[in-house]
Each structure stands twice: as structure tokens, then as C-alpha cells.
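Taken verbatim from TrEMBL:
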type	residues	note
BINDING	ARG47, GLY48, ALA49, ARG90, GLN197, ASN248, LYS249	substrate binding site
SITE	CYS158	site 'Transition state stabilizer'
ACT_SITE	ASP238	active site, proton donor
Amino acid sequence: MTLIKSIEFKDGKLYLIDQRKLPEKLSMFECKDHKDVEFAIKDMVVRGAPAIGVVGAYGIVLAAENFLDLSKEEFISKVKESAAILGNARPTAVNLMWAVKRMMNVLEANKDKTNSEICEILLNEAKNIEREDLETNKAIARYGNEIVPKGATILTHCNTGALATAGYGTALGVIREAHYTGKNIRVFADETRPRLQGARLTAWELVQERIPAKLIPDSVAPVLIRDGEIDIIIVGADRIALNGDTANKIGTFMLSQIAKDFNVPFYIAAPISTIDFETKSGKDIIIEERDATEVTHINGVRIAPEGIDVYNPAFDVTPHENITGIITEKGIIRPPYLENLSRLRDGKK
Ligand SMILES: CSC[C@@H](O)[C@@H](O)C(=O)COP(=O)(O)O
């Protein structure tokens with residue numbers, strides 16, 4: 001198995017695989033301070049819900065180190081201010097806010113310690129978030145593998161792999177696990193317009209791992225589903241509402257609707273940190289709209305005429321009734337989601 005480490009905190013700096021440059025170039029992007037981290041999240045140097053959570057946490061560590069010499073009050077207030085900026089760098093993936101809140105709780109609980117002690121405690125917490133995400137992914141992969149039939153053809157969308165997490169991946173983690181446990185699977189990967197996370201990143205990970213796979217334009221997926229070529233669809237999530245409605249990369253809703261029409265099982269694979277117990281339904285999820293140039297240009301080359309208006313939502317919401325199950329680190333959650341997710345929230349599971 002190839003070890004892809006996309007996030008590394010070393011000598012007081014954060015290094016990220018620059019996902020904008022893949023697959024042409026494998027290079028690291030250096031973050032010296034929290035402003036670099038904010039840029040990296042916004043510009044999608046790093047992307048994927050769990051990965052931006054981990055990186056947001058390290059961003060707070062860099063902010064704390066930056067303000068170390070200020071008075072205690074100024075230090076706390078500047079770290080909080082930076083945390084708020086980092087938490088809002090992208091609005092849809094709840095993992096970012098989740099990680100920021102977790103870091104702020106640690107700050108609050110230790111605010112009487114010295115600035116440098118707080119820095120160390122924050123660094124430890126960021127490391128915990130990173131380590132836990134990797135462990136979580138492996139558990140998701142094991143549970144998910146249970147529902148992958150031998151010889152299955154799996155369809156996936158966007159990139160949910162090692163690049164999108166602290167390592168291993170969610171939906172792509174299930175695919176890795178199925179491959180390495182000898183299930184003899186094959187994969188169809190959607191290219192995922194407009195940012196091409198499937199073509200550039202998922203395809204790169206699949207090639208590294210030598211998992212039998214074919215890259216397809218997004219519009220090929222419905223044809224394959226209709227023709228009985230797909231046994232199971234597994235995708236990731238950016239935010240799961242309490243009723244099971246799930247925001248994920250634009251194009252996911254369309255897949256889920258067609259899967260429902262043709263009775264193909266449609267699974268979400270995501271850590272519990274992606275479940276937003278405070279959001280009642282998909283209607284309340286903020287969908288990020290990104291720059292028009294993501295649609296009008298490919299690799300900096302204009303493909304649409306000057307003057308055309310663009311609508312570019314980065315995510316859509318799949319209604320809970322289209323979802324066969326949600327694969328988490330604690331097992332697979334099935335409908336009725338409102339009931340079962342509420343039980344999970346209340347710790348009864
Ligand atoms: C394990 S990653 C899960 C999701 O974050 C993923 O499916 C996705 O939609 C990523 O969107 P992106 O815009 O590339 O950050």
C-alpha cells in the first residue's frame with residue numbers, strides 16, 4: 001500500500017501536498033502562519049472535509065505561535081480572532097468548524113496557563129485530531145467493506161481519499177480496504193467537474209494503489225447505472241443534517257436520484273464529525289458558491305466566452321430518502337435517519 005501523507009506539521013510550520021498541482025507535480029505548500037492556512041483552504045491547496053478540519057486545527061497552532069509574545073489577554077483574543085477567520089474559510093464542510101470549536105474548547109479550558117504552555121496544548125490537540133481522523137478512516141473502511149460484494153463494480157464521485165483526510169480516506173478508504181482484502185473490485189471514478197477532483201486526485205490515488213479503475217466524464221455515470229454496470233455507489237460528505245440529508249460535491253444528488261430509479265445501493269461514507277446534529281435538514285445547509293473562473297477556464301485557459309454569467313455551487317444536497325446507509329466509524333447508520341442520528345447524538349448507540 002502506498003502511504004500518501006498530505007499534511008505534515010514540522011519545525012513550527014505546516015506542509016501540505018499542493019493539490020492544485022496534482023497530478024503533474026507532487027510538491028509541498030508551506031504554511032508559515034494562519035494566514036497561509038486560510039489561503040490554502042480557500043484556494044483548495046488542501047480540500048476535502050476531514051482534511052480541512054485537521055489543517056484548520058494546525059492553523060490555530062500557527063496563530064498561537066505567532067502571538068506568543070503578546071500579553072495573555074491580547075494573545076487569547078488574537079488566537080480566537082484567527083480561529084474565527086479559519087473556521088469561515090469554507091462554509092459547507094462542517095468538519096472545519098467542528099475542529100475549530102474543539103481547539104477553542106481546549107483554549108478555554110487552559111486559559112490560565114502561560115502562552116507557551118497553551119501553544120503546546122493546542123499543538124497536542126491538533127495532533128490528536130489528525131491521529132483520530134486516520135483511525136476513524138480505517139474503522140469506516142472496515143465497516144464499509146462489509147457491504148461491498150465480491151467482484152463489485154463501485155462508482156465514486158469527487159476525491160475522498162488520503163488527500164481529502166489525514167490519510168486512507170472515507171469512501172476511497174472503503175475502496176482501498178475492499179481492494180486489499182482481495183474482493184477483486186473495480187472502480188469507476190467520475191471526473192467531477194469543474195475542479196476535476198476525480199480526474200486529478202482520485203485517479204492519481206487509484207493509479208498509485210494499482211486499483212483497477214476507469215475514469216469517466218460525469219455524464220457517463222447515469223448510463224452505466226441504467227445498464228446495470230454499477231453494483232454500489234459510495235461517496236463522501238461535507239455535512240450531514242440530523243434527518244440524514246447530505247451535502248457533498250456537486251453532482252452527488254444527480255447520482256443518488258438515478259441510483260434510486262435503478263435500485264443501485266447508494267452509500268455515504270463519513271466520520272461522525274461530519275454529522276451536524278444542530279442542522280435539522282438539508283435546507284439549512286449553506287452551499288458554497290465558488291468563482292466563475294472554475295467554470296469558464298480550464299488550467300487557466302478560457303473555454304467560455306467573455307461576458308457569460310456563471311452559477312457555480314460547489315456542493316449539492318442529497319435527500320435522505322435516496323441514501324441506503326451512512327458508513328461511520330461506529331458502524332452503518334440506516335433509515336430512519338432522524339431517529340437513528342438523534343439516538344447517536346444522545347449517545348444511546
Ligand atoms: C472525505 S472528503 C468528503 C467530501 O469533502 C468530498 O466528497 C468533497 O465534496 C470535497 O469537496 P472539495 O470542494 O474538493 O473540498
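Here the Cβ of each residue, glycine as well, is placed from N, Cα and C on the backbone.
Residues ARG47, GLY48, ALA49, ARG90, GLN197, ASN248, LYS249 make up the record's substrate site, and a Cβ search at 8 Å around their centroid adds ILE52, ALA93, CYS158, ASN159, THR160, ALA164, GLY236, ASP238, ALA314, PHE315 from the same chain. Within the same chain, the residues at least 6 positions away from ASP238 (active site, proton donor) whose Cβ sits under 8 Å from its Cβ are ALA49, THR92, ALA93, VAL94, ASN95, ALA247, ASN248, LYS249, THR274, PHE315, listed in sequence order. For GLY48 (substrate binding site) paired with CYS158 (site 'Transition state stabilizer'), the C-alpha to C-alpha distance reads 9 Å.
Around ARG90 (substrate binding site), the same-chain residues at least 6 positions away in sequence with a Cβ under 8 Å from its Cβ are ILE41, LYS42, ILE52, LEU96, GLU288. Secondary structure at ASN248 (substrate binding site), as computed by DSSP, is strand. Taking a C-beta cut-off of under 8 Å and a sequence gap of six or more, ARG47 (substrate binding site) has these contacts in its own chain: GLN19, ILE41, ASN159, ALA164, GLN197. Mapped onto three states, the DSSP output places ALA49 (substrate binding site) in helix.
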